[in-house]
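Below is one structure; the comments refer to it alone.
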Amino acid sequence: YPSFNRIQLPRNMIENSMFEEEPDVVDLAKEPCLHPLEPDEVEYEPRSSRLLVRGLGENEMDEDEEDYESSAKLLGMSFMNRSTGLRSNASGYSQSSDGSCSVPSLRTMVVCAVVLLIAVSVIMVIYLLPKCTFTKEGCHKKNHTMELIYPLATNGKRFPWAKNRLPSNVVPLHYDLILQPNLTTTEFAGSVQITVNVIQVTWNIILHSSGLNITKATLTSAGWNQAKPVEVLEYPVHDQIAVVAPDALLVGQNYTLSIDYSSNLSDTYYGFYKVSYKDEHAEKRWLAATQFEPLAARSAFPCFDEPAFKATFLIKIKRDEQHSTLSNMPKVQLSGIVQDEFSMSLKMSTYLVAFIVANLKNISKETNRTLVSIYAMPQKLGQVEHALDTAVKLLEFYQKYFHIEYPLQKLDLVAIPDFQAGAMENWGLITFRETTLLYDDKTSSAMDKKLVTAVIAHELAHQWFGNLVTMEWWNDLWLNEGFATFMEYIAMERTFPELQTDEEFLKLRFKTMMKDSLNASRPISSAVQSSEQIEEMFDTVASLLLMLKKYIKHDSFQAGIENYLHNHSYGSTRSDDLWDSMNEITNGTLDVKKLMKTWILQKGFPLVTVKRKGKSLYVQQERFLRSVESENWTSDASYLWHIPLSYTTSNCSSFLCPYAYLLDQKSATIELQEEVKWVKFNVDMNGYYIVHYAEDDWNTLINLLRTDPIALSTKDRAHLINNIFSLVGIGKVSLLKAFHLLDYLENENHTAPISQALFQLNLIYDLVEKRGMQNLAARVVDRVKKLLGSKIDQQTWTDNGTLSEREFRSTVLAFACSHHLGNCGTTATELFKEWKASNGTKSLPTDVMKTVFTAGAKTDDGWEFLLSMYTSSVSEAEKHKMLEALASTEDVRKLIWLMQTSLEGDLIRAQELSHIIATVSQSLPGHLLAWDFVKENWEKLIRKWHALNLETAYISQPEMHIFLTLQVKTFFESKSEKISQLRCVKEAIETIQLNIKWMERNLAALQQWL
């Protein structure tokens, strides 16, 4: 039917059409063929499916977000078909076949009355039956599972939308936003004009608003003489408002919705929030900044707060004269002295909008017609030079790599003094925690430099992946985060090779595999409903992209990325769009979509078992799983990956190696050209899978490490250590065999293998130490000393060497001092005394600074002095090391004071609390103390932070899990079902059980080895 017919429908029928789009609300939309109905089909709808006003819980609706046409047309057809059929039946009793009228006899009238009574009864029964579709074949029941439900608005009226996600019948085109923050009263006023386009006729505009006091709302159209006031209904459960239009909103027409509102600056880290800080004169000052990802733009202005609803923005900010402002776009106009106007933005999602009101200083440099600026507090401007040089080089690299110029005229990177996230990629206005942007030559270590560079590389990658091309919904968040993480390492490897980031990428792969091997893991592309679920997405995809890049070769991979960005610039995408762009490049030689879907849509990763016999290699795959205790666990038989295997052999020439083989079945046989002495799969651990060898092949590889370790690359040696301990965890390999492999470490001189060995041994140490087995824990340390004692003794307390050597020095000396090996503690204490005697003016080697501070904080005087230096230091890198040392004390009263003071957020910023809790939790008494603190202050904590961040701070580290007892599990479950179902909570509980099993299985072998 034409759209103008739909306008004539009753108002509630059009409103029902929005619900008809949702398959979980009305079953009408579940039928495969909705439009049009066949001529011989008449649809009957039970009365029970009519409007029912009822409150709606937050999670009662299905979150699958398919695009369905409006059912208004269908409702009209159904109504007309039903009434037409009834009219036809009725007319049959009053007209003869030839069309002439006759006077019925009494008998005829009685018979007709009986027939009519029967017909009416049948019709009533049919009408009251569950909905059926009548065809020539008869009645087909529909799966009627749910009545149509409307929630209630705050004023008690019916709210015309019931889903978490917005309808698509109205889309935003442009926002004119005026804000007036008051940093004295910590309030702000706002006015927004949203130009929208109507896709489907409606009387309502549904959008987001959270915590905003709406004082006025009007609607205008080109066809109206003046703005018309509109009613605004609020449904806080979904952060939604419904603007009720005075007339039907017509398809294809543009309307302008104007809303005036006010609110308070947030005292959390989300939305438009306030931050206190000390200026260069130690006076308390305030600034206001934003953090909108994922769902907080709605708390700063009414908007369509979903990534797919892209629009342009023109922002004006009224301010006090002493403040300055920043936003995504360059400033174009100053209206008098109190209002700054920014140029109109490019088309972008609401979560990327940003603005700051503060007193900041900056330095700038222009590259390729883009002005790059670094902003910081005036007293910290001397620490931004490294960030500026890094940002300029990386911006130039990305433009060349993607063959797409950065589209804005400016790029601002801003250090926020109190900021919970590491950084946020707002388009043209990237915000950072100070520790991730500022670099001080005197106090920042090699690892600090790598951190700052990595975070900048990550956020600049988002300017293309996430900002230029955005995921349609948060279930494909990996399109943003996975690519940004992957490109972070690619960019650093190309632009700053001296930072040796390949080892960091290797550590990331080891780390993500630990989590993905749990049953609590999730598929990469997962349905998400809440902000907590959005925020706990993970970095697995960066490892998968590396695997794909190695398999299809770098040039093809780069061309696929370029193709994807060009095809979808300023648009929103789903995961298939990426694989389709890759397939255009591979051109039939490889179905990238088919391959990658096996990794994206099923959770976990594979274990590949290799058996060698002569020239034949027998390989088979199954899921690598550290736990199978789950109600919903799926048998390994249902898992099948397409695995790009890589392998090298004793006879492999550098020209041919590594070999490649795509394992897309449960098992296969690879034929070698000749017999070999040994074979090693997953070269450089570029693939995302664990490898298990037959007994003889493990023995051959262990012997190879002892006799000729450099036959394998540094990464391959680290990979074998990680692999074998992972297999110990599931009982595939004995602990003694893993320890035998480690014996070669006395001859190892490279960082990656030694760091991985230390990591594995430290996990074992924590397991036994936190069970009170102090004697056994001491023997673990002795064993480490035997393996690495010479390496520890060789370390100097300087900043000399390559970056990798400097990082290794930091790791080894920190381990040695914490476990009282050699004269490490004595040397660190002496250095601290010299530093204290100089009143903190003596320079300390930055790579061992934290170790020195930790040694000094063991005494009361040292701890007090360190605290005084913390409060006066302007170097964030130095303050971070000091704070970690302060939180490492064994004095319970000091630990309580640190956590409480950080919670208050004055002397120690509140952003540091999660880091303090994590550091305190690393010791046995501190762990229990931190747990008590979280319990006692829970209500205060959740007002400031998302619950996810608190849980992660307390339970995310492996050594903490052994003390997450039933009491802890019960506590989280009692607070919220959402919290108890979060991935990090499930991981923690599962890891407790695994640690207990590990000890039961391996305690005897551990005692034997030691």
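Keep in mind that glycine also has a Cβ here, set from the backbone N, Cα and C atoms.
Predicted automatically and left uncurated, TrEMBL annotations should be read as such.
Features of the protein shown, as given by TrEMBL:
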{"type": "ACT_SITE", "residues": "E459", "note": "active site, proton acceptor"}
{"type": "BINDING", "residues": "H458, H462, E481", "note": "Zn(2+) binding site"}
{"type": "DOMAIN", "residues": "171-352", "note": "domain 'Aminopeptidase N-like N-terminal'"}
{"type": "DOMAIN", "residues": "387-599", "note": "domain 'Peptidase M1 membrane alanine aminopeptidase'"}
{"type": "DOMAIN", "residues": "678-993", "note": "domain 'ERAP1-like C-terminal'"}
{"type": "TRANSMEM", "residues": "109-129", "note": "transmembrane segment"}
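The Cβ of H458 (Zn(2+) binding site) lies under 8 Å from the Cβ of A423, A484, T485, M487, E488, each of these being in the same chain and 6 or more residues away along the sequence. Taking the recorded positions E459, H462, E481 in turn and counting surrounding C-beta atoms within 10 angstroms, the largest count is reached at E459. When the alpha carbons of the residue listed as 'active site, proton acceptor' and E481 (Zn(2+) binding site) are compared, the span between them is 10 angstrom. Each residue in E425, E459, A461, F465, G466, N480, F483, A484, T485, E488 lies on the same chain as H458, H462, E481 and has a C-beta within 8 Å of the C-beta centroid of that Zn(2+) site, without being one of the site residues.
For the domain 'ERAP1-like C-terminal' (678-993), the mean pLDDT of the prediction comes to 87.
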